[in-house]
């Protein structure tokens, strides 16, 4: 005999289902569940008097020798994912990877259990009924200035850091490069202790090929070209030749001063080859005043950095001071002041908001400690999405914000993974990928995760007083969990390296314990492959007024006085 309960009772017990709307933090964004993969009446719920018990939703006979038995299951969770959509399901994990999105349980007593999602005595369970699951974020613009950045990143929901540097040296303060084989080895060894996945850029500024090849052979997953080292056409061509030869990505911070050519000269040097452009609006650096036009090319993978996201009343003033520090400028030198002023343009920053909302800008990143904040990639993404809804209205006619939500979450999950040849392993919650999963309470979505899971093991979480009788008493703050302790750190995070480095077995050569995974497919991607962010309109910039037009239409917006996900979340 079937039991009928009210929708309110169902949601209170098992979480929202198809058609229910969930507000994301204190934004004006509402996510509506599109599909529920669970069987009504057979939902798995752990706890006293609940269903995950021996002989009920937990098999009484299945051992871990059975490859269909899970190590970890997150039940009844709402998933927000650029590839899967906005759905309700159980997430099954085994051997550190996602093996199922569907219905977990005991096939001896339940119908419609997904074949490889058996709950047994070997399975840990986490109730996700009132949580949102997202893929761990990927930040592709890291200045590795201090190792403490990794803690702030993972506490914000970012689980993969890609960039370069050697610590607080001036070269690293300004540029995201780990120069040379010796430093590459040292940085891999240092990053063994970090609880996040890591990939390093070599220095791409060299007009001959062998100095670039040796860095890739030493482990660099890509090359970074930076204007402070000279972003000349010869350098660009050399880096891209080596990239095509060795299947790695090239990231570029172009020539703000137009010393060796203008944007058109840079695009001519790129010559249709795929490239990842950093802070493509230009405040972070790049051809003044029209680097933003690079976003219209099909071979350009355009990214933003978070200090300009979104455009607020304080954005301009803050940038001038940051720029002076990061690029070793002097306010007493007129040429330095002119350099700074040329990079900070309200008109192009305003346009950047809209280009993100249109899907023209495809990736969000931080520019950590070099004008950007490593812990604010996720926050700034959703603040931009909210601002655009308030200023531009809904996208589409769905009666919800699902398309906008999927467009924006793609910017810091799947799209940076595609750009750097690692989408086979991370960037979404699709089956087969590493189980880097972030769980959020809806009221804290985008700001403060509940739990961060790395490779199937809880690594960071909000945790109360360890001496308390239960986990929740104050003070509650982020603490490293067992997945970020001892030898487990090497088992819950990976290094992304070049194929040449993997072939050379740098893991053994450098004495590393973390798994190394080779990037691949970096040279055959284009903007068309970037999820929900593949638009390539014609962009023009007025050289005197800096006005930006898309297909002939002026695009601009007003700065805002306040943003969601802001001060009310950080009172203490």
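Any Cβ shown, glycine's included, is placed from N, Cα and C.
Record features, source Swiss-Prot:
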DOMAIN    136-572  domain 'Urease'
BINDING   141, 143, 224, 367  Ni(2+) 1 binding site
BINDING   224, 253, 279  Ni(2+) 2 binding site
MOD_RES   224  N6-carboxylysine
BINDING   226  substrate binding site
ACT_SITE  327  active site, proton donor
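Features per Swiss-Prot, on structure.
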residue	record	DSSP (3 states)
141	Ni(2+) 1 binding site	strand
224	Ni(2+) 1 binding site	strand
253	Ni(2+) 2 binding site	strand
279	Ni(2+) 2 binding site	coil
327	active site, proton donor	coil
367	Ni(2+) 1 binding site	coil
* Long-range same-chain neighbours of residue 141 (Ni(2+) 1 binding site), Cβ under 8 Å, sequence gap at least 6? -> 162, 163, 176, 251, 278, 279, 303, 305, 365, 366, 367, 368, 372
* Subset of recorded positions (143, 224, 226, 327) lying within 10 A of residue 253 (Ni(2+) 2 binding site), CA to CA, in sequence order -> 224, 226
* At the level of the C-alpha atoms, what whole-angstrom distance separates residue 226 (substrate binding site) and residue 327 (active site, proton donor)? -> 12
* Asked: How long is the line from the C-alpha of residue 143 (Ni(2+) 1 binding site) to the C-alpha of the residue listed as 'active site, proton donor', rounded to the nearest angstrom?
  -> 13
* Structure fact -> Looking only at the domain 'Urease' (136-572), mean pLDDT returns 96
* May I have the list of same-chain residues other than 224, 253, 279 whose Cβ is within 8 Å of the Cβ centroid of the recorded Ni(2+) 2 site, in sequence order? => 141, 175, 176, 225, 226, 251, 252, 254, 277, 278, 284, 285, 286
* Which residue among the recorded positions 143, 224, 226, 279, 327 has the fewest other Cβ atoms within 10 Å of its Cβ, if you could check? => 327
* residue 253 (Ni(2+) 2 binding site) has how many other Cβ neighbours within 10 Å of its own Cβ? -> 24
* Where the residue listed as 'active site, proton donor' and residue 224 (Ni(2+) 1 binding site) are concerned, what is their Cα separation in Å, rounded? -> 17
